[in-house]
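What TrEMBL says about this protein:
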- 113-147: repeat 'PPR' (REPEAT)
- 216-250: repeat 'PPR' (REPEAT)
- 317-351: repeat 'PPR' (REPEAT)
- 418-452: repeat 'PPR' (REPEAT)
- 521-555: repeat 'PPR' (REPEAT)
- 727-761: repeat 'PPR' (REPEAT)
Amino acid sequence: MISLNHFSLSVATKCISTLINSSKNNFLRVSIHVRNFMKMTENVGFCSQDCISLLQQSGDLREASNGKSVHSVCVKTGLDRDVFVQNNTIRFYAICGDLMSARQLFDEMPEPNLVSWTSMISSYVHDGQYEIGLRMFSLMCRSGLGPNEFGFSVALKACRIMHAFVMGKLLHGLILKYGFESYSFCSASILAMYVESGDISNAHNFFDEIPLRGRSEASWNTLLDSYAETSNAEEAFKLFHQMMYFKMIPNCFTYTILIKLCANMLNIDLLRLFHGRLIKLGFEDYLIVGGALVDPYAKLGFLNDAGKVFQNLEEKDNVVWCALLAGFHQNGEVEQGLNFYLKFLSEGNKPDPFMFASVFSLCSNSKTEGVGTQVHCSFIKYGFMLDSFLGSALIDMYGGVGMIFDAYKCFVEVIYKNEICFSTMINNLVFNSNDEIALEIFCEMRKLGLEPSHSTLSYILRACANLHMLKEGRSLHCYVAKNFGISEFNLCIENALLEMYAKCGVVDEAKNVFKEMQIRNEFSWTTMISGYSETGQFEEALGLFQDMILSSVTAKASEFTLVVVLQACMRTETLDRGKQVHNYVIKAGFEFNLFVGSALINMYAAFKHEVQNAYLVFSSIKAQDLVIWSSMITAWAQNGKSKEALKLFIEFHNAPNFLVDEPILSSCLSACAGLALLDMGKCFHARIIRTGFQSYLHVASSIIDMYSKCGSIIDARKFFDEMRDHNIVSWTTMMSGYAHHGLGREAVNLFNEMKDAWLKPDSVTFVGLLTACSHAGLVKEGWQCFESMINDHGLEVSINHYACMVDLLGRAGQVDEAEALINKAPFRSKNLLWKTLLGACNKHGQIEAGNRIAQMLVELEPNEPSTYVLVSNIYASASMWDSSIVVRNKMKEENVNRQPGCSWIQVAS
């Protein structure tokens, strides 16, 4: 017979349990009833089951004070010695986050049973203390207790999260030994462990071995998710059909996985098909399903569909808001995304770290510079700690808008920096051309023992390339080979290595990297072609381009490739190769591309008499931009077509959205110089002052050149003296101006001034200086400059320098010395030098030497009219009219025509 007191106690316990279940959000009422219950137990005994029930309820409600009160009663009544009470007390403390108390109770147990161990192991794993959890699991096995399916499941979870896959496989062996492999908890955990390790093949094999009754929904979904993550649509849909065949009813998680697969496949039709099925099954209103639908619709660019799904959700958490916000960012809808964020705030929602990260990403656009700073201030007001996750997002935001100093300040403020934080800072520094600082931070990262990602290594290699730091680049190459192995090189790193070696001028090493690449994309080919071209190996560059067209399956020539190839054609001085590339441009559909069109114009302009083809290319491009106009105006000016250049500029001036740039102004000044149009040149000078381009040294040099060639050397020197900064080009241009005007002494004095300014002259400077000496008859000074160029400055003497010296000696009447210098010149073709000397023979009446040189030149260049004219003039100067007529008649017989020349200069009106 049950006593009245015990009966009353049991009724009270049940009443309290009922109240707890019905009052989960009213902790005050629960606490009052527990206190009343405690008073009843002061004089009345109660059983362990009552205590267990109260401990469970207190734990589920996270009511630590109530649970502790129950525990104290258990201690007073001696029920704490009951193993079931002990296990539930451990569970209560663990659920409430007090693992120290839970562990203390566990250690005080004389003989913990399987439930005790499993509860303690589960508590550690749930709290993220995976190593301690696995250590406890090992101690349990050593104590002689065999784990159950729940213990194995928890241990496998710890292995999966820690990526301790070797231990996970050992646990799989133990599960087979104990015969738990068919239990759904164990099978699902084993499957999840293999999937996490990336061993999909073993995961699939294990899944096939699980009896049908042991395949839980979690198992099906885990394997299905692995195929979705790897975008293996064929296996995923095969598994889904198998699931339907065995009459396994897919749950909402199954469909969210399939939706993710549709997004990875970029298949909007399939996505809408599954969306329709979700509506039929009544899953659309589920928050997890809504979030899963919003994300792919937004990523695929269907923002309206994503918005409709979002609006239909009765409940919206921050995850769903973030998904749509990310969609706005990915689709470039910055303003719409910011308005959406304001709506989020206006509805009384509180942003969490993930929401702020999404908004920071949205603000990493040049149009949102000020907005990003405001959001950052809001983030500070909410009091969130700047951890690595949020710090990386902020660094990306500031780096994206070019505020690299602010990005660096955020980096410094992050207390615990992980690999991602360091990598983000390094990537943004390189992106913003702060290569040296990026290398310093990379060294700091390595000192802390943090391993860089493939992306970071590629950025650091790019920094080495930009700084031409070959030694450091080679060290990084060794590091990558040692830590990843050549077989694990990904395309990103290989391309970065290729670029580093190519930019450092070590083309042979770049070639070795290129040969070892199993996959080459457009960037790989273009970088290698550019490397050859930059080191003067133009034939190799063009040959590699041909190989790319014929053999490459994974890469097709892009506009950047074609620009590099056309530049190589321009420098090979082989027009046929350029025309072949032009044909390819048309076939590939790039003939209207602005970048390629500009490169074609430049290529044709580099060849004599081909500027008309450049104009045909220009005329064929309808959507002309500033670069195209600039290229064509420059092409006319460089080829001596000054009138056409100025005419085109006037046409450009009348075009809509007219805007000049540095190359256009320089070319127009050159055209004015070519036509000696001083007044027009002054007009351009005035425009340059208004537009602020006079500080550009290239434009300033063109102004000096224009004034000197238009006969106003005083204005040229005045402008030169007014310049704030000078470079080697401006000094050389001024010297050349003096040379044009026969002011050799002034040119030599200016050269000495340049040396006093610690500027090192180049080969072009010496051409101008020697020309000035030649025109002024300064033979001694000319020889000094010629020898100084070789001995003092270590410059390579070109044929133009020899031509200047031959002209200098010839003008001074030293024909024999000039001929001796020509014979010493280290060039195969000396036609230019002999022509120069022939002119001197004409001037000084050296008929015998002139006749000998002329016969040699006629044999070398039978179709060159200038040779015949010079010889004819020599005979005419000596009154040998018959010989002069013979030469003229021979020109007619050989069908050699001389283009008549003309010149003019503007005079005051």
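Just so you know, glycine gets a Cβ as well, placed from its N, Cα and C.
Counting residues 6+ beyond its ends, the repeat 'PPR' (317-351) has Cβ neighbours under 8 Å at 287, 290-291, 294-295, 297-299, 301, 303, 306-307, 310, 358-359, 361-363, 365, 367-368, 371, 378, 382 in the same chain.
Across the repeat 'PPR' (317-351), the prediction's mean pLDDT works out to 87. Per DSSP, the secondary structure of the repeat 'PPR' (216-250) breaks down as 26 helix, 0 strand, 9 coil. Residue counts for the repeat 'PPR' (317-351) by DSSP state, with H, G and I taken as helix and E and B as strand, are 26 helix, 0 strand, 9 coil. Across the repeat 'PPR' (418-452), DSSP classifies residues as 26 helix, 0 strand, 9 coil. Counted with DSSP, the repeat 'PPR' (727-761) comes out as 26 helix, 0 strand, 9 coil.
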